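Visitor: Starting off with a structure, shown below.
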(Lines of atoms letter the chains of each structure in order from A and count residues from 1; the text may use other names and numbers.)
(Lines give C-alpha, C1' and ligand atoms only; values in the text may rest on other atoms or scores of the structure.)
Protein backbone atom coordinates (compact mmCIF):
# COMPACT_ATOMS: atom_id res chain seq x y z
CA UNK A 1 0.00 0.00 0.00
CA UNK A 2 1.47 3.31 -1.11
CA UNK A 3 0.53 6.40 0.92
CA UNK A 4 2.18 9.06 -1.25
CA UNK A 5 0.00 11.61 -3.07
CA UNK A 6 -3.24 9.76 -2.40
CA UNK A 7 -6.80 11.07 -2.09
CA UNK A 8 -8.46 9.22 0.76
CA UNK A 9 -12.07 8.63 1.80
CA UNK A 10 -12.29 8.97 5.59
CA UNK A 11 -14.01 6.39 7.78
CA UNK A 12 -17.63 7.40 8.46
CA UNK A 13 -20.01 5.34 10.57
CA UNK A 14 -23.09 4.10 8.66
CA UNK A 15 -21.80 5.84 5.51
CA UNK A 16 -18.58 4.07 4.55
CA UNK A 17 -20.19 0.84 3.39
CA UNK A 18 -19.30 -0.92 0.13
CA UNK A 19 -21.53 1.12 -2.26
CA UNK A 20 -20.25 4.45 -0.98
CA UNK A 21 -16.62 3.31 -1.05
CA UNK A 22 -17.00 2.15 -4.66
CA UNK A 23 -18.77 5.41 -5.55
CA UNK A 24 -15.87 7.43 -4.14
CA UNK A 25 -13.36 5.24 -5.97
CA UNK A 26 -15.22 5.73 -9.26
CA UNK A 27 -14.79 9.48 -8.83
CA UNK A 28 -11.08 9.22 -8.05
CA UNK A 29 -10.51 8.18 -4.41
CA UNK A 30 -7.28 6.17 -4.21
CA UNK A 31 -7.82 4.74 -0.73
CA UNK A 32 -11.23 4.14 0.86
CA UNK A 33 -11.70 3.56 4.59
CA UNK A 34 -14.63 1.45 5.70
CA UNK A 35 -16.80 2.56 8.59
CA UNK A 36 -15.38 1.76 12.02
CA UNK A 37 -16.29 -1.74 13.21
CA UNK A 38 -15.78 -2.77 16.83
CA UNK A 39 -13.49 -5.74 17.41
CA UNK A 40 -16.08 -7.42 19.69
CA UNK A 41 -18.46 -7.52 16.74
CA UNK A 42 -16.02 -8.84 14.16
CA UNK A 43 -14.75 -11.73 16.26
CA UNK A 44 -18.33 -13.06 16.30
CA UNK A 45 -18.31 -13.23 12.49
CA UNK A 46 -17.58 -15.85 9.89
CA UNK A 47 -16.36 -15.13 6.36
CA UNK A 48 -18.67 -16.11 3.53
CA UNK A 49 -18.39 -15.62 -0.22
CA UNK A 50 -21.72 -14.20 -1.39
CA UNK A 51 -22.23 -15.61 -4.90
CA UNK A 52 -25.62 -13.89 -5.02
CA UNK A 53 -24.01 -10.45 -5.44
CA UNK A 54 -20.32 -11.25 -5.86
CA UNK A 55 -19.12 -9.96 -2.50
CA UNK A 56 -17.15 -11.26 0.47
CA UNK A 57 -19.25 -10.95 3.61
CA UNK A 58 -18.39 -11.15 7.28
CA UNK A 59 -21.59 -12.29 8.91
CA UNK A 60 -22.44 -12.51 12.58
CA UNK A 61 -22.67 -16.21 13.40
CA UNK A 62 -26.20 -17.51 13.76
CA UNK A 63 -27.72 -14.48 12.02
CA UNK A 64 -28.03 -12.88 8.59
CA UNK A 65 -26.42 -9.70 9.91
CA UNK A 66 -23.65 -8.51 7.55
CA UNK A 67 -21.09 -6.73 9.73
CA UNK A 68 -18.61 -6.00 6.91
CA UNK A 69 -18.97 -6.43 3.15
CA UNK A 70 -16.20 -6.03 0.57
CA UNK A 71 -15.41 -7.24 -2.96
CA UNK A 72 -12.48 -7.96 -5.27
CA UNK A 73 -12.80 -4.57 -7.02
CA UNK A 74 -11.63 -2.73 -3.90
CA UNK A 75 -9.16 -5.29 -2.58
CA UNK A 76 -6.11 -3.06 -3.16
CA UNK A 77 -7.51 0.15 -1.67
CA UNK A 78 -10.02 -0.64 1.10
CA UNK A 79 -8.90 -0.03 4.68
CA UNK A 80 -10.66 -1.89 7.46
CA UNK A 81 -10.97 0.46 10.44
CA UNK A 82 -11.30 -1.15 13.83
CA UNK A 83 -12.48 0.10 17.18
CA UNK A 84 -10.55 -1.64 19.96
CA UNK A 85 -9.16 -1.22 23.45
CA UNK A 86 -7.31 -4.53 23.74
CA UNK A 87 -4.30 -5.85 21.79
CA UNK A 88 -5.24 -9.53 21.89
CA UNK A 89 -8.82 -8.87 20.79
CA UNK A 90 -7.63 -6.47 18.09
CA UNK A 91 -5.35 -9.14 16.66
CA UNK A 92 -8.09 -11.75 16.72
CA UNK A 93 -10.37 -9.40 14.77
CA UNK A 94 -7.66 -8.33 12.32
CA UNK A 95 -6.75 -11.94 11.51
CA UNK A 96 -10.33 -12.60 10.40
CA UNK A 97 -10.37 -9.80 7.82
CA UNK A 98 -6.75 -8.95 6.92
CA UNK A 99 -6.48 -11.18 3.83
CA UNK A 100 -9.41 -9.36 2.18
CA UNK A 101 -8.33 -5.75 2.71
CA UNK A 102 -5.41 -3.49 1.76
CA UNK A 103 -4.71 -2.30 5.32
CA UNK A 104 -6.01 -2.43 8.89
CA UNK A 105 -6.46 0.87 10.75
CA UNK A 106 -7.01 1.42 14.47
CA UNK A 107 -9.43 4.23 15.34
CA UNK A 108 -7.88 6.52 17.93
CA UNK A 109 -9.77 9.67 17.07
CA UNK A 110 -13.51 9.13 17.38
CA UNK A 111 -14.88 11.37 20.16
CA UNK A 112 -18.38 9.82 20.16
CA UNK A 113 -19.54 8.33 23.45
CA UNK A 114 -20.12 4.83 22.02
CA UNK A 115 -16.38 4.64 21.27
CA UNK A 116 -14.93 6.52 24.22
CA UNK A 117 -17.11 4.78 26.82
CA UNK A 118 -15.62 1.43 25.78
CA UNK A 119 -12.08 2.76 26.06
CA UNK A 120 -11.82 2.95 22.27
CA UNK A 121 -11.45 5.81 19.79
CA UNK A 122 -10.22 9.06 21.31
CA UNK A 123 -10.01 7.39 24.75
CA UNK A 124 -6.80 5.73 23.54
CA UNK A 125 -5.08 9.10 23.05
CA UNK A 126 -4.38 9.29 26.79
CA UNK A 127 -3.04 5.71 26.93
CA UNK A 128 0.25 5.63 24.98
CA UNK A 129 1.32 2.30 26.47
CA UNK A 130 -1.90 0.64 25.32
CA UNK A 131 -1.53 2.25 21.87
CA UNK A 132 1.99 0.80 21.65
CA UNK A 133 0.73 -2.63 22.76
CA UNK A 134 -2.10 -2.73 20.21
CA UNK A 135 -0.06 -1.49 17.25
CA UNK A 136 3.03 -3.62 17.89
CA UNK A 137 0.88 -6.73 18.40
CA UNK A 138 -0.83 -6.15 15.06
CA UNK A 139 2.42 -5.30 13.27
CA UNK A 140 4.20 -8.44 14.47
CA UNK A 141 1.40 -10.86 13.67
CA UNK A 142 -0.21 -9.83 10.39
CA UNK A 143 1.38 -9.15 7.00
CA UNK A 144 -1.21 -6.51 6.07
CA UNK A 145 -0.12 -2.87 6.56
CA UNK A 146 -1.23 -1.38 9.89
CA UNK A 147 -2.09 2.29 10.40
CA UNK A 148 -3.98 4.43 12.89
CA UNK A 149 -5.96 7.66 12.92
CA UNK A 150 -5.64 10.19 15.74
CA UNK A 151 -6.86 13.63 16.77
CA UNK A 152 -4.81 16.51 18.13
CA UNK A 153 -3.95 16.56 21.84
CA UNK A 154 -4.06 19.62 24.12
CA UNK A 155 -0.74 20.95 22.87
CA UNK A 156 1.09 20.48 19.59
CA UNK A 157 4.11 19.16 21.50
CA UNK A 158 1.98 16.45 23.14
CA UNK A 159 0.62 15.36 19.75
CA UNK A 160 4.09 15.23 18.22
CA UNK A 161 5.38 13.11 21.12
CA UNK A 162 2.49 10.66 20.69
CA UNK A 163 2.98 10.57 16.92
CA UNK A 164 6.67 9.76 17.37
CA UNK A 165 5.79 6.92 19.71
CA UNK A 166 3.26 5.61 17.18
CA UNK A 167 5.88 5.79 14.42
CA UNK A 168 8.21 3.57 16.48
CA UNK A 169 5.66 0.75 16.43
CA UNK A 170 6.33 0.33 12.71
CA UNK A 171 2.97 1.48 11.34
CA UNK A 172 2.86 2.24 7.61
CA UNK A 173 1.16 5.64 7.94
CA UNK A 174 -0.60 7.94 10.39
CA UNK A 175 -3.83 9.82 9.67
CA UNK A 176 -4.33 13.02 11.67
CA UNK A 177 -7.65 14.81 12.09
CA UNK A 178 -6.77 18.45 12.70
CA UNK A 179 -9.17 18.91 15.60
CA UNK A 180 -9.03 18.17 19.30
CA UNK A 181 -11.48 15.85 21.04
CA UNK A 182 -13.52 18.76 22.43
CA UNK A 183 -13.68 20.56 19.07
CA UNK A 184 -16.89 20.53 17.07
CA UNK A 185 -17.11 20.13 13.28
CA UNK A 186 -17.77 23.89 12.95
CA UNK A 187 -14.45 24.69 14.64
CA UNK A 188 -11.70 25.24 12.05
CA UNK A 189 -9.21 22.41 11.59
CA UNK A 190 -5.70 23.28 12.79
CA UNK A 191 -3.63 22.57 9.71
CA UNK A 192 -0.56 24.16 11.33
CA UNK A 193 -0.56 21.49 14.06
CA UNK A 194 -0.75 18.75 11.43
CA UNK A 195 2.31 20.40 9.84
CA UNK A 196 4.18 20.06 13.16
CA UNK A 197 3.54 16.30 13.10
CA UNK A 198 4.58 15.95 9.46
CA UNK A 199 7.90 17.69 10.11
CA UNK A 200 8.62 15.40 13.09
CA UNK A 201 7.96 12.06 11.35
CA UNK A 202 9.47 10.09 8.50
CA UNK A 203 6.42 7.90 7.80
CA UNK A 204 3.59 9.21 5.57
CA UNK A 205 1.05 11.44 7.32
CA UNK A 206 -2.50 11.68 5.98
CA UNK A 207 -4.03 15.11 6.72
CA UNK A 208 -7.75 15.33 7.51
CA UNK A 209 -9.99 18.32 8.21
CA UNK A 210 -11.85 21.05 6.31
CA UNK A 211 -11.56 19.61 2.80
CA UNK A 212 -14.77 20.59 0.99
CA UNK A 213 -13.69 21.25 -2.60
CA UNK A 214 -11.23 19.49 -4.90
CA UNK A 215 -8.78 22.40 -4.69
CA UNK A 216 -8.69 21.96 -0.89
CA UNK A 217 -6.70 18.75 -1.43
CA UNK A 218 -3.85 20.86 -2.78
CA UNK A 219 -4.30 23.62 -0.18
CA UNK A 220 -4.03 21.32 2.84
CA UNK A 221 -1.15 19.40 1.27
CA UNK A 222 0.83 22.61 0.78
CA UNK A 223 -0.09 23.93 4.24
CA UNK A 224 0.84 20.74 6.10
CA UNK A 225 3.40 18.98 3.91
CA UNK A 226 1.36 15.80 4.37
CA UNK A 227 1.89 12.84 2.03
CA UNK A 228 -1.83 12.36 1.39
CA UNK A 229 -5.17 13.96 2.16
CA UNK A 230 -8.33 12.49 3.70
CA UNK A 231 -11.87 13.88 3.37
CA UNK A 232 -15.04 13.04 5.33
CA UNK A 233 -17.98 15.46 5.16
CA UNK A 234 -16.89 16.91 1.82
CA UNK A 235 -17.14 13.42 0.32
CA UNK A 236 -20.37 12.55 2.14
CA UNK A 237 -22.11 15.60 0.67
CA UNK A 238 -20.72 14.99 -2.82
CA UNK A 239 -18.51 11.98 -3.51
CA UNK A 240 -17.39 13.53 -6.80
CA UNK A 241 -15.13 15.85 -4.75
CA UNK A 242 -12.39 13.36 -5.70
CA UNK A 243 -12.78 14.09 -9.42
CA UNK A 244 -10.16 16.40 -10.96
CA UNK A 245 -12.78 17.27 -13.62
CA UNK A 246 -14.88 19.09 -11.03
CA UNK A 247 -17.92 18.08 -9.03
CA UNK A 248 -20.88 16.36 -10.64
CA UNK A 249 -24.30 17.60 -9.59
CA UNK A 250 -25.24 16.20 -6.21
CA UNK A 251 -28.55 14.86 -7.59
CA UNK A 252 -26.62 12.72 -10.10
CA UNK A 253 -24.18 11.53 -7.42
CA UNK A 254 -27.05 10.63 -5.11
CA UNK A 255 -28.80 8.61 -7.82
CA UNK A 256 -25.58 6.73 -8.61
CA UNK A 257 -25.25 5.92 -4.89
CA UNK A 258 -28.78 4.48 -4.91
CA UNK A 259 -27.88 2.31 -7.93
CA UNK A 260 -24.76 1.02 -6.21
CA UNK A 261 -26.75 0.32 -3.04
CA UNK A 262 -29.16 -1.78 -5.12
CA UNK A 263 -26.35 -3.57 -6.95
CA UNK A 264 -24.55 -4.49 -3.72
CA UNK A 265 -27.71 -5.15 -1.69
CA UNK A 266 -26.73 -2.56 0.91
CA UNK A 267 -28.48 -2.43 4.25
CA UNK A 268 -31.49 -0.17 3.73
CA UNK A 269 -30.96 1.65 7.05
CA UNK A 270 -27.40 2.54 6.03
CA UNK A 271 -28.54 3.71 2.59
CA UNK A 272 -31.32 5.83 4.09
CA UNK A 273 -28.94 7.35 6.64
CA UNK A 274 -26.52 8.44 3.91
CA UNK A 275 -29.30 9.83 1.73
CA UNK A 276 -30.74 11.78 4.67
CA UNK A 277 -27.31 13.32 5.34
CA UNK A 278 -27.01 14.44 1.71
CA UNK A 279 -30.58 15.75 1.54
CA UNK A 280 -30.18 17.67 4.81
CA UNK A 281 -27.05 19.38 3.52
CA UNK A 282 -28.58 20.59 0.25
CA UNK A 283 -32.30 20.66 0.92
CA UNK A 284 -34.74 19.64 3.64
CA UNK A 285 -36.14 16.34 4.90
CA UNK A 286 -39.62 17.92 5.14
CA UNK A 287 -39.89 18.13 1.36
CA UNK A 288 -41.42 15.21 -0.63
CA UNK A 289 -38.08 13.51 -1.37
CA UNK A 290 -37.01 13.50 2.26
CA UNK A 291 -40.38 12.20 3.46
CA UNK A 292 -40.33 9.45 0.83
CA UNK A 293 -36.82 8.35 1.85
CA UNK A 294 -37.82 8.24 5.52
CA UNK A 295 -40.91 6.13 4.69
CA UNK A 296 -38.98 3.68 2.48
CA UNK A 297 -38.81 0.21 4.00
CA UNK A 298 -36.50 -1.47 1.49
CA UNK A 299 -34.29 -0.85 -1.54
CA UNK A 300 -37.24 -1.37 -3.89
CA UNK A 301 -38.99 1.59 -2.24
CA UNK A 302 -35.86 3.73 -2.64
CA UNK A 303 -35.64 2.69 -6.30
CA UNK A 304 -39.13 4.14 -6.80
CA UNK A 305 -38.21 7.41 -5.07
CA UNK A 306 -35.29 7.94 -7.45
CA UNK A 307 -36.85 6.59 -10.65
CA UNK A 308 -34.64 3.50 -10.67
CA UNK A 309 -37.37 0.84 -10.78
CA UNK A 310 -36.11 -0.51 -14.10
CA UNK A 311 -32.55 -0.79 -12.78
CA UNK A 312 -33.82 -2.57 -9.66
CA UNK A 313 -35.80 -5.00 -11.85
CA UNK A 314 -32.79 -5.75 -14.08
CA UNK A 315 -30.47 -6.36 -11.10
CA UNK A 316 -33.05 -8.63 -9.45
CA UNK A 317 -33.64 -10.63 -12.64
CA UNK A 318 -29.91 -11.04 -13.21
CA UNK A 319 -29.46 -12.43 -9.69
CA UNK A 320 -32.39 -14.78 -10.22
CA UNK A 321 -30.85 -16.16 -13.42
CA UNK A 322 -27.46 -16.61 -11.77
CA UNK A 323 -28.63 -18.32 -8.60
CA UNK A 324 -31.96 -19.87 -9.53
CA UNK A 325 -33.67 -18.35 -6.50
CA UNK A 326 -34.89 -14.98 -5.34
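Note: Cβ is positioned from N, Cα and C throughout, glycine not excepted.
Residues or ranges marked as active site, proton donor by TrEMBL: 110. The FMN binding site annotation in TrEMBL covers 11, 12, 13, 81, 149, 177, 232, 233. The annotation domain 'DUS-like FMN-binding' is assigned in TrEMBL to 9-258.
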Visitor: Most Cβ neighbours within 10 Å: which of the binding-site residues 149, 233 is it?
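Guide: Its Cβ has the most other Cβ atoms within 10 Å: 149.
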Visitor: Please report the distance from the Cα of the residue listed as 'active site, proton donor' to the Cα of residue 149 (FMN binding site), rounded to the nearest angstrom.
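Guide: Per the Cα atoms, the residue listed as 'active site, proton donor' and residue 149 (FMN binding site) stand 9 Å apart.
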Visitor: Near residue 177 (FMN binding site), which residues of its chain come within a Cβ-Cβ distance under 8 Å, counting only those 6 or more away in sequence?
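Guide: Listed in sequence order: 109, 149, 150, 151, 152, 189, 208, 209.
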Visitor: What is the total of other Cβ atoms whose distance to the Cβ of residue 12 (FMN binding site) is within 10 Å?
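Guide: Cβ-Cβ neighbours of residue 12 (FMN binding site) within 10 Å number 20.
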Visitor: Among 11, 12, 13, 81, 149, 177, 232, 233, recorded FMN binders, what is the largest CA to CA distance in Å?
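Guide: Output for FMN binders 11, 12, 13, 81, 149, 177, 232, 233: max Cα distance 17 Å.
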Visitor: Take every residue in the domain 'DUS-like FMN-binding' (9-258), average their pLDDT values, and give the whole-number result.
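Guide: Averaging the confidence scores along the domain 'DUS-like FMN-binding' (9-258) gives 96.
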Visitor: For the recorded positions 13, 110, work out the Cβ neighbour count at 10 Å and name the residue with the minimum.
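Guide: Among the recorded positions 13, 110, the lowest count of other Cβ atoms within 10 Å belongs to 13.
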Visitor: Which ones in the same chain are close to residue 11 (FMN binding site), with CB under 8 Å and 6+ residues apart in sequence?
Guide: 33, 34, 35, 36, 79, 81, 105, 107, 149, 232
